């Protein structure tokens, strides 16, 4: 959650960044776009490495480096430095977002994974919708400003990293067997004991061929590509709200910076409702799972996505058609609740489907999905402001 928080917390301070570094507000929005580009590239590295060196190291080390770049963003002396620290901060902070799907695949059977995945998806959605609200409260305080929004991001990441160091253990089965073999060698004195995973001598060439290319290979399959494409488009729409909500409630309705960011809570409420729908679908999935001889049934993950696709579109239409000054604020907020509900059901169904389909390579499948969705999310915030101003909100939505 701290990683996705960092992706959106910057958005509330774009006006101050533009004023401070003497660039246009549109240019200052690049901070979000560049962050999401780094967020898309990082998984292509961290997911394969987690399947070689284990999940824990592939999360904790990059997260520590990401914290350094978060504080670097807060102390940036010029705009170029800010953009560089945002990019590399995203590159390293994408590790926990990517590898969590693999961890859940390691720890939970398909009959339990849906509920566990709901918690992961809530964190992925909760960061982008809660980050702008908290950062807006910080940014509008004259004694703090946009730099403290970045400091706060770093502090949040430090807290989560500390908890991870204390409570998170290795979960990747081949790596656990390596640890077990090592322990048995010392206990028994039989130095011939070893895990099969230790027989593989990692070379850079083989690592690149077998692991770094794997997410791209999975993305080239129709199953992974089509599911990831639809989920990524919806994810881009979610990040479009970083620019849309301040325009609707700030520019049109005249609310101040903090209050105009509060409608993001409507998306979060919708995500909670969508989470309930996915938990209910898990109960239905369990029947199919047991009927199939305790084997994963990926297609049974898709009914929430089918339902959510209509709710997602309905929320967009309702928000767009009621975003006038004389319309009561509750109506577009209801649209945002529907948007959040639809998005969450689509997003979690896609994650569950990919993990069930590519079980042994779940982290790489999630990495492929993260790469594609970050590309969409990077582009949408950059174009939303000119589109809304030139086309109109009701036409665009």
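For all residues, glycine too, the Cβ spot is worked out from N, Cα and C.
Residues annotated as domain 'Major facilitator superfamily (MFS) profile' in TrEMBL: 1-397. Sequence annotations record features per position, and here TrEMBL assigns transmembrane segment to 27-45, 57-75, 120-139, 151-168, 218-242, 262-281, 302-323, 329-354, 366-388.
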| Residue numbers, six or more beyond the limits of the transmembrane segment (302-323), whose CB comes under 8 Å of its CB atoms | 230, 234, 237, 248, 252, 270, 274, 277-278, 281, 284, 331-332, 334-346, 348-350, 353, 393-397
| task | For the transmembrane segment (218-242), find every same-chain residue at least 6 residues outside the stretch whose CB is under 8 Å from a CB in it, and list them. | result | 7-8, 11, 32, 36, 125, 128, 132, 264, 267, 305, 312, 316, 336, 339, 342-343, 346-347, 350-351, 353-354, 357-358, 361, 364-365, 368-369, 371-373, 375-377, 379-381, 384
| note | When counting C-beta pairs under 8 angstroms to the transmembrane segment (366-388), the leading stretch of 27-45, 57-75, 151-168, 262-281, 329-354 is 27-45
| query | Near the transmembrane segment (120-139), which same-chain residues lie under 8 Å Cβ to Cβ, leaving out any that are not at least 6 residues past its ends? | reply | 1-13, 16, 97, 100-101, 104, 145-146, 148-149, 152-153, 238-239, 242, 245, 257-258, 260-262, 264-265, 267-268, 271-272, 275, 278, 340, 343-344, 347-348, 351
| said: Test of understanding: applying the rule of at least three C-beta pairs under 8 Å (pairs 6 or more apart in sequence), is the transmembrane segment (57-75) touching the transmembrane segment (151-168)? | reply: yes
| Long-range neighbours of the transmembrane segment (262-281), counting only residues six or more past its ends (CB under 8 A) | 114-115, 117-118, 121-122, 125-126, 129-130, 132-133, 238, 241, 245, 248-249, 301, 303-304, 307-308, 315, 329, 332-334, 336-345, 348-349, 352
